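Database features, via TrEMBL:
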COMPBIAS  1-15  compositional bias 'Gly residues'
COMPBIAS  23-32  compositional bias 'Polar residues'
COMPBIAS  40-49  compositional bias 'Low complexity'
DOMAIN    55-130  domain 'Nuclear receptor'
DOMAIN    156-382  domain 'NR LBD'
REGION    1-49  region 'Disordered'
Amino acid sequence: GRGGGQGEGRQGGQQGASAAPHTPQTPSQPGAPSTPGDKGQQQQGSGQSQQQQQHIECVVCGDKSSGKHYGQFTCEGCKSFFKRSVRRNLTYTCRANRNCPIDQHHRNQCQYCRLKKCLKVGMRREAVQRGRMPPSQPNPGQYALTNGDPLNGHCYLSGYISLLLRAEPYPTSRYGSQCMQPNNIMGIENICELAARLLFSAVEWARNIPFFPDLQITDQVALLRLTWSELFVLNAAQCSMPLHVAPLLAAAGLHASPMSADRVVAFMDHIRIFQEQVEKLKALHVDSAEYSCLKAIVLFTSDACGLSDAAHIESLQEKSQCALEEYVRSQYPNQPSRFGKLLLRLPSLRTVSSSVIEQLFFVRLVGKTPIETLIRDMLLSGSSFNWPYMSIQCS
């Protein structure tokens with residue numbers, strides 16, 4: 001059966017060897033006060049209650065629970081580990097097969113599998129992020145005050161949005177100075193290199209945002225294969241990618257061989273559609289927090305084929321949509337229709353054909369290598385990914 005989206009981050013398919021979570025045996029009358037008058041009567045009940053209390057086990061490792069922490073009964077060790085991991089936004093790797101046993105004796109051997117089990121048994125990230133902090137020391141994982149960013153530094157961001165922004169592999173300025181000059185006609189090589197950066201950026205961003213890395217790798221691949229072209233268009237708009245017809249046709253190799261007028265017209269039409277989508281986004285003056293939310297809404301789509309838990313993916317999309325709505329309402333109170341306008345831009349992103357993006361920008365880089373193969377390789381190898389047929393620095 002499906003988990004119904006209750007695990008914050010899941011790595012399904014790798015749960016076989018993990019011990020089944022212990023069901024905590026809660027006392028029937030927790031915290032019942034004893035009065036001196038009926039101490040004798042209650043002594044037996046109190047003893048039973050204490051005995052039951054001793055049997056409440058940590059749902060993560062089976063050690064003695066010290067109480068309920070972040071939604072579940074856990075020991076002090078697992079509570080502290082989970083809080084530290086979430087507050088510092090730590091990323092772990094497993095040296096085995098991501099299915100290490102987590103119990104009292106092995107819990108410190110693999111941090112990746114320990115955090116995975118914390119999430120699997122229902123410990124809640126947001127319960128940590130809502131934790132009380134002294135006003136003078138805001139938790140950097142929860143809020144980021146953005147100075148010098150396109151957001152102009154006037155707002156606090158929700159914890160989720162700040163993590164989406166932090167996942168960007170490099171600031172917009174590092175896409176290349178050509179991006180900042182929309183009227184500049186870029187050469188073919190520059191266009192192809194910029195396109196490579198935009199695609200790599202989309203995949204690398206997804207690898208580092210909340211919840212996505214916890215999905216099964218097959219789900220990660222399915223989501224990116226379906227949405228990469230939409231993420232590419234959003235990145236192109238965000239960096240004001242110049243889209244002049246002549247160099248694009250040249251990049252697609254259409255200048256090199258005679259072709260029918262029909263084919264030229266068809267390609268020109270596709271370029272125009274691409275240009276329109278980019279221009280409409282630019283006309284809304286979308287800021288970087290909004291772009292991050294839009295990309296998350298696009299990425300977490302339950303439309304992808306073969307998802308192990310479509311309901312969970314859908315809940316992540318809803319979370320992203322709610323974050324965007326809350327942000328827009330607080331940041332643009334004088335634009336009540338802004339949230340709706342942003343969402344209405346998303347369906348039309350699919351009018352930009354992924355095969356056309358491939359032909360326009362990537363045929364010179366990768367030849368006949370399918371873009372889906374590239375995306376899978378990027379996802380698995382991260383920043384160590386090597387582009388076929390050419391050398392490009394992605395970091």
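Placed from the backbone N, Cα and C atoms, the Cβ positions cover glycine too.
Fair warning: this is a prediction, and the values are worked out from it, not measured in the lab.
Note on the domain 'Nuclear receptor' (55-130): mean pLDDT across this stretch is 86. Helix, strand and coil counts from DSSP across the domain 'Nuclear receptor' (55-130) read 27 helix, 6 strand, 43 coil.
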